[in-house]
Each structure stands twice: as C-alpha cells, then as structure tokens.
Amino acid sequence: MIYYLLVPLVAHFSALNVFRYITFRSIAALLTALVLSIVFGPKFIDWLRRLKFGQYIHEDVAAHKQKAGTPTMGGLLIAFCIVVSVLLWGDLANEYVWMTLFVFLGFGALGYVDDHAKVVRKQNKGLTPKQKLLGQIVVSGVAAALLVLDPEYSTRLAVPFFKHLTPDLGLWYLPFAMLVMIGASNAVNLTDGLDGLAIGPMIVNAAMFGLFIYVAGHAQMARYLQVMPVSGVGEVTVFCGALVGAGLGFLWFNAYPAQIFMGDVGSLSLGGALGFLAVLCKQELLLIVVGGLYVAETVSVILQVGYFKMTGGKRIFRMAPLHHHFELMGVPESKIIIRFWILSILLALVGLSTLKLR
C-alpha cells in the first residue's frame, strides 16, 4: 500500500526512491511487525484470557502442569502482524507475494480450526490426523500446482554443495513441493512443545531463506553465486522480514516462562510458509540442513513410533519429540531451549556456506 502511494512521487521527490528497494521495505516490514506485536501483544493476551482460550497440557510431563490455562492461539497475533506489514510494504502486484500469503493463511486456517476444537472440547485433541492431512494436501496442492503450471518457473531441483547437479523432476515436482510444505508444517508443529522452542529457530530460518529468496530474485547475484534464478521472487523478502519481526515480537511474550502459546494456528502456518519459501527459492533440500532442528524432532517421533510397534512396546527415547526426552532426563527447560537455538544458528551458518561451497 505504501509502495503504491509513494513510488509514483519519486519523480518529484527523489528521496522517496528508497521505497523502490526491496531491502529497505523488508527492514520496514520487520520493524512494523515487531512494533505491532509488542504493542498489541498484552491486549491480545488479555483478550484470550477473557475468552478462556487456555492451553490443555500433556499430562505425561509433570513439569508442564503449571502451564495449564496459559493463553493459546497466539499464532493469530503473528498472522495479523505479518499480513498488515506485507500489505503496507509489499508490492501487491507480485504474484509470489499473494501465493505466499495464501499458503501461510491456508495452513493457519487449518490450525485455527484445530485449536478451536481443542478449546471447545476442553482437551488436547483437535482435528483427526486424516482431517489435518487432507487440509494440508488441499492448500499445498493448490500452491504447488500454481508453480508447476507457471511456464517461467523451473521444476529443477538444486542439490546443496553441487552446482551442476540440478535434476528436472517435471510433473513429479508437484507432489515433491507438496511434501516439502506439509513436512515443514508438521515438523514445526511437533517442535512447538517448550516456551520459545519453535519460534526461535523459525526466526533464524526465515532470515536465512529471506536471504536466499533475495539472491534468487536478483539476476546478477544469482548468476555470481550460481543460484537458480527465479524472476520476481525477490519481493517475497518483504514477507520474510515481516515474519522475522512478528517472530521477535511474539518471542517477547513466548520466552520462558511463556505468557502465550502460538497454538496450531501458529505452528502449522509458520511451518507451511517456511516450506513454501524453500520451494520458491529452489532450496528445498537445503531446508533439511537449515531446518535441521525441526527435522530431528520429527525423526525422533518417527523412530519412536516405528520402534514401539516393531518391538511390541519398547522405546528408543523416554518420550518423543526429542525435547521431551531431554526434559525427562532432568535437563532444565530453559537450557534445552537455548541449546536448541544455538544448534539452529549453527545449522543456518552451514546453509549459508552453500552459497560459496559449491
């Protein structure tokens, strides 16, 4: 909105030319989302308390019982701040911006239904796994189809550290892109079990993929760094900036001890958006590295369930996802969170190194 109001005036006021730059508008979106989060956060938390939208806690983790009743569905605050910031600072004529918002809000709507069902039923169960998966398939399928049907969008796959290895998946790219989005969404959802555990790495991941998206959308940079170019995708950097800002603002209240939880409306939407960002900048496989924390949490659940079924009741971990295993080992929650954040930053640096190590 601001973009369209001020850019036409550049001919009269040259200083306004700064609003043409994606980098400036991305920083502006970050600051806008951050301020909105911090300003509206307390009022939003009070509103959730009045509605009695409290979190129902996993009974198997005794230390979590004190968190019962903490306001949930904080993802609505994140969504509000991101959408407002993108609408203010983004180029709304860019199709990739709208596609990203569609995925973000689509997965968020699914999470909202799930959260609302939990609140109404007064238990820690919402949608069934099949219902949730069906919704994810629909949202990711529409987004992936729009990309595959775009003649200017490549269905080639970039392999980290190998600049000349770019296999073309053709129509198989559609289910692959869907898998990336659904997998990322569920992975973030599984990770969201401790105060600030999911949002911290999300901020790091959003910043990292914001950089890759900016490079992919800049023809000269993409050529120099040998990254697959995607014309027009650079504008989505504004969304990434807004996500980082909203994430920082939410962390202000979600840090241990949390005053609010993001709920499924937050974890599913952020995870789905993260997967789509990786797809947009042609760095789908890099998400496994940069989002390694989310991958580890998901793999721990898969291994636990599989081993439990194969052995008739035996377990690899004391509890899955992985963060609960460390909790039951006696590691303080705050220490688990900080250590996982550190690992996330290190993994992001490994991902960043792929820009030159090819």
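Cβ coordinates are placed from backbone N, Cα and C, and glycine is handled just like the others.
The transmembrane segment feature in Swiss-Prot is assigned to 27-47, 73-93, 97-117, 133-153, 165-185, 196-216, 233-253, 260-280, 285-305, 335-355; the stated evidence is sequence analysis.
Beyond the transmembrane segment (196-216), the same-chain residues lying 6 or more positions past its ends with a Cβ under 8 Å from any Cβ of the stretch are 22-23, 26, 188, 222, 225, 227-230, 233-234, 236-237, 240-241, 243-244, 247-248, 250-251, 254-256, 258, 262, 266-267, 270, 274, 277-278, 280-283, 286-287, 290-291, 293-294, 323, 336-337, 340-341, 344-345, 348, 351-352, 355. Only sequence-distant pairs (6 or more apart) were considered; of these, fewer than three Cβ pairs between the transmembrane segment (73-93) and the transmembrane segment (285-305) are under 8 A, so the stretches are not in contact.
Among the listed stretches 27-47, 97-117, 165-185, 260-280, 285-305, the one sharing the most Cβ pairs under 8 Å with the transmembrane segment (233-253) is 27-47. Only pairs six or more apart in sequence are counted, and the transmembrane segment (97-117) with the transmembrane segment (133-153) gives three or more Cβ pairs under 8 Å, enough to call it a contact. Tertiary neighbourhood of the transmembrane segment (335-355): same-chain residues 160-161, 194-197, 200-201, 204-205, 207-208, 211, 215, 225, 227, 256, 286, 289-293, 323, 326-327, selected by CB-CB distance under 8 Å and a gap of 6+ residues from either end.
Against the transmembrane segment (27-47), stretch 260-280 shows more Cβ pairs under 8 Å than any other of 133-153, 165-185, 260-280.
Remote same-chain partners of the transmembrane segment (260-280), defined as residues 6 or more beyond its termini with a Cβ less than 8 Å from a stretch Cβ, comprise 41, 44-45, 48, 55, 70-79, 96, 99-100, 103-108, 110-112, 114-115, 126, 136, 139-140, 143-144, 147, 177, 180-189, 191-192, 198-199, 202, 205-206, 209-210, 213, 216, 230, 233, 236, 239-240, 243, 247, 250, 253-254, 286-287, 291, 294. For the transmembrane segment (165-185), same-chain residues at least 6 beyond its ends with a Cβ under 8 Å from one of its own Cβ atoms are 103, 107, 133, 136-137, 139-141, 143-145, 147-148, 154-159, 228, 267-269, 271-272, 274-276, 278-279, 284, 287, 291, 294, 298.
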